[in-house]
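Novice: Attaching a single structure in structure tokens format; questions to follow.
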Amino acid sequence: MSDDAQTTHTFQVDLRGLVDLLSHHLYSSPRVYLRELLQNAVDAITARQALDPTAPARITVRAGESRLTVTDTGIGLTEADVHRFLATIGRSSKRASGGGPLDGEQLAASRSDFIGQFGIGLLACFVVADEITVLTRSAADPSAPAVEWRGTSDGRYTISTLPGSALPGPGTKVTLVPRADGAEWTRHDRVVALARHYGSLLRHEVDVTDERGTVTRVNGTPPPWQAPHASPTARRQALADYCRRTFDFVPLDSIELDLPVVGLRGVAYVLPTSVHPSRQAGHRVHLKGMLLSDQAPELLPEWAFFVRCVVDADSLRPTASREALYEDETLAAIRDTLGARIRDWLTGISASDPALLHQFIAVHHLAVKALARYDDELLRLLLPWLPFETTDGQVTLDEFARAHPVVLVTQTVEEFRQVAPIAAAAGLGVVNGGYAYDRDLVHRLPEVRPGTSVVDLDPATVTAHLDAVDPAAELAAAAFLHTAREVVAQFDCDVVLRAFHPVSAPSLLLDNREARHERARGELAGQTDGLWADILGSLRSEAPRAQLVLNHLNPLVRRAASIGEHGLAVTAVEALYGQALLLARRPLRASESALLNRAFIGLLDHAMHEEG
Ligand SMILES: Nc1ncnc2c1ncn2[C@@H]1O[C@H](COP(=O)(O)OP(=O)(O)OP(=O)(O)O)[C@@H](O)[C@H]1O
């Protein structure tokens, strides 16, 4: 096609399609219509007060059977404004360019004055109504007549001018006639609840009236972080009460937030019960008092999952749905600063309020452990305070490292159970690294506490350090040890005689993971035919066997070593092996349960035989 043949057309917008898009994809619920109307009223009052700071600032919502009106004493619109701003979707008077294209600087300037900026908010009313009427009188031009704009959801609108008496003073009255399926959102009780939800912190009076003229004020009391209080205790109490009313929990503590550059104030409430770190708390974010979202996680860094915030800011930037914050450098900076504030709180309580710190750790330690692995600062701050299971009992790593400059850590809970009594008797300090995250965290202790060393503890290392018995004792026990090896060979286990503390421990089963996997593989290969048996067989490696270590210092073992009767010696070995197995607290295989059973019956039989 040649240039000469070109003709220019203007896009047509299918308003019904657009409203459908907004209601299903932009807004979370039809209820946002009221937020958009309140917000327009607030912006209009802001604009009027810029001209005349003494102008009245009132918003009245009337919820009746068949219609809903929102009236404000704001700046109003002239007929030219109505043509310009109401008749064009996407045009907004709140941009300094007068509704023209978005310019970065102007946008930032208008954003600090107004909540709206996109020029689509009024469309949210079409989610609940087919017709919107805007009756308005400009404060900027007192001689201008009142103007009525009537728009319908099919995209048509009419404009008429009315005598000034149609609206007694400057301002705007928006009327919606709800559709049958939108009526539930404009019912009086619903409207009161919604107006409270969105408008509780609005700085201008907001009233909801019913058909009989009963007025309900939905705001008025300043939030506790703005109100004066008689004492710090009264202030703390007021903050906690606000949390209980708003979030329905009593916080462990309240952290006040104050960020003057964005006019942000509010509170971070420390949750009193544990939460999974992936379930980030939704924060309540108000913009110039108007509630933007009560589920905004993006206000704080991920690691701060243990607090829930309520903030009110002057210049945060919402997305077009107004239900989330626009992710930009300002938001990132706000997040970092608020995060730093929460860290300061943690540092503060770790230095000066140990009782609160312990309460905090008791509730949130698992989640803190999960996050500390990825958050170096959190790790540095909290690792010394986190509780771990150790040979000294349940203690913090800091306490433990003070007593043990070399921190030994096992890889599994079982290994800890196996070696803990012996290591403790030998004065060694071992941490159970078997629980989720624990071993990783213990290994990072030297970063936080230079001079501490952390070493993985393998049960084999422990045997290597157990004392050998003298050759004469070994020889005297030779026959018993031979029987013992025969009995436990079926479990791929070896038997050795050593001398170790505590004396009360007759035996110890050292069984590292590779040895166990190897045995499991061996068993499986035995049950499988053909290809799988070959594959499993070829995987078989020379892994160390398990070891039953008998304690020559233990009187029972000494007596067992001198048993002459073969049957009783077998039973004694089975009982010793079974007891060591139970101490290791690992799941038993069928053959092991059978052994335990046999040993028990054998001992009983022997005891009764003696009696007989
Ligand atoms: N109550 C009101 N008083 C005065 N002007 C209003 C009022 N409500 C709407 N307007 C005018 O209509 C325009 C469009 O309103 P709309 O709510 O669609 O968008 P917005 O508030 O500018 O931006 P956003 O889409 O971000 O809400 C506004 O820019 C404003 O000029």
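Each residue, glycine too, has its Cβ placed from N, Cα and C.
Unlike curated records, TrEMBL annotations are generated automatically.
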Novice: Among Asp14, Asp72, Asp141, Asp207, which residue shares the ATP site with Glu36, Asn40, Thr172 according to TrEMBL?
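Specialist: For ATP, TrEMBL names Glu36, Asn40, Thr172; of Asp14, Asp72, Asp141, Asp207, the listed one is Asp72.
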Novice: An 8 Å radius from the center of the Glu36, Asn40, Asp72, Thr172 Cβ atoms defines the neighbourhood of the ATP site; name the other residues of that chain inside it, in order.
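Specialist: Here the nearby residues are Leu37, Leu38, Gln39, Ala41, Val42, Asp43, Ala44, Val70, Gly74, Val174.
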Novice: For Asn40 (ATP binding site), what is the tally of other C-beta atoms lying within 10 angstroms of its C-beta?
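Specialist: Taking all protein chains shown, Asn40 (ATP binding site) has 24 Cβ neighbours within 10 Å.
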Novice: According to DSSP, does Asp72 (ATP binding site) fall in a helix, a strand, or coil?
Specialist: strand
Novice: If I restrict to non-local contacts, at least six residues apart, and a C-beta distance under 8 angstroms, what lies near Asp72 (ATP binding site) in its own chain?
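Specialist: The answer is Asn40, Ala41, Val42, Ala44, Ile45, Arg58, Ile59, Thr60, Gly171, Thr172, Lys173.
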